[in-house]
Amino acid sequence: MPIAKIAPSMLSSDFASLAAEAHRMIKNGADWLHMDVMDGHFVPNITIGAPVIQSLRKHTNVFLDCHLMVSNPEKWVDDFAKAGASLYCFHIEATNEPEALIEQIKKAGMKVGVAVKPKTPIETVFPLVDKIDMCLVMTVEPGFGGQKFMPDCMPKVQSLRENFPKLDIEVDGGLSLDTIDTAAQAGANVIVAGTSVFKAESPKDVISTLREKVESVQSKS
């Protein structure tokens, strides 16, 4: 099982102070920063695009995990590569040609992630796993922060981990100190946490505990 990675969701940050918020998360132990990109079409909300990634990249070298909740994800690959995105994660539901999109992302110099919504069968990504770096299992319906964790998505994580023990498996949505055990035991190793980290009295302690929970499961496997 790959190492634990904690990726605070910048959707929960103060966008007016994005660089400072990024530095605060890194200082408190974040491995990656999770960037939620929404277009108002694929999901009913609009957040940020490549220009914001480009601006943030000028202030940090941290791994920028970009989750594209957009229609036509092929359209934005080059823009995000030029902006400095580290990983480009598209939704399997948003493309009819995932293999071609994966190659496009790789050629642009980014790592590749594939995301699945709660109602999408996880088997849809199985044929792609040997071509990607990460699979994101959504544990809420994508589109808004602050939603409640959906434990019924955990069999997807378990199935991925059983079939692909070396894959980075990310979970996103409602992750907190109350839900991390369920996600970690299912086999998730990349933990996206927004509200639970940014609103905490001690983000450092929360990030540390999330990591410890994943590592505890790994040490027993």
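Even glycines carry a Cβ here, placed using N, Cα and C.
Annotations in TrEMBL come from automatic prediction, not curation.
Database features, via TrEMBL:
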| type | residues | note |
| --- | --- | --- |
| BINDING | S9, H67, G143, F144, G145, G146, G174, G194, T195 | substrate binding site |
| BINDING | H34, D36, H67, D172 | divalent metal cation binding site |
| ACT_SITE | D36 | active site, proton acceptor |
| ACT_SITE | D172 | active site, proton donor |
Top Cα neighbour of G143 (substrate binding site) in the set of binding-site residues H34, D36, H67, D172: D36
H34, D36, H67, D172 excluded, remaining Cβ within 8 Å of their centroid (divalent metal cation): A7, S9, L11, M35, D65, C66, C89, L136, V192
T195 (substrate binding site) versus D172 (divalent metal cation binding site) - Cα distance in angstrom: 12
D36 (divalent metal cation binding site) and G174 (substrate binding site), distance between Cα atoms, whole Å: 14
Minimum Cα separation from G145 (substrate binding site), reported as the residue among binding-site residues H34, D36, H67 that achieves it: D36
Number of Cβ atoms other than its own within 10 Å, given for H67 (divalent metal cation binding site): 26
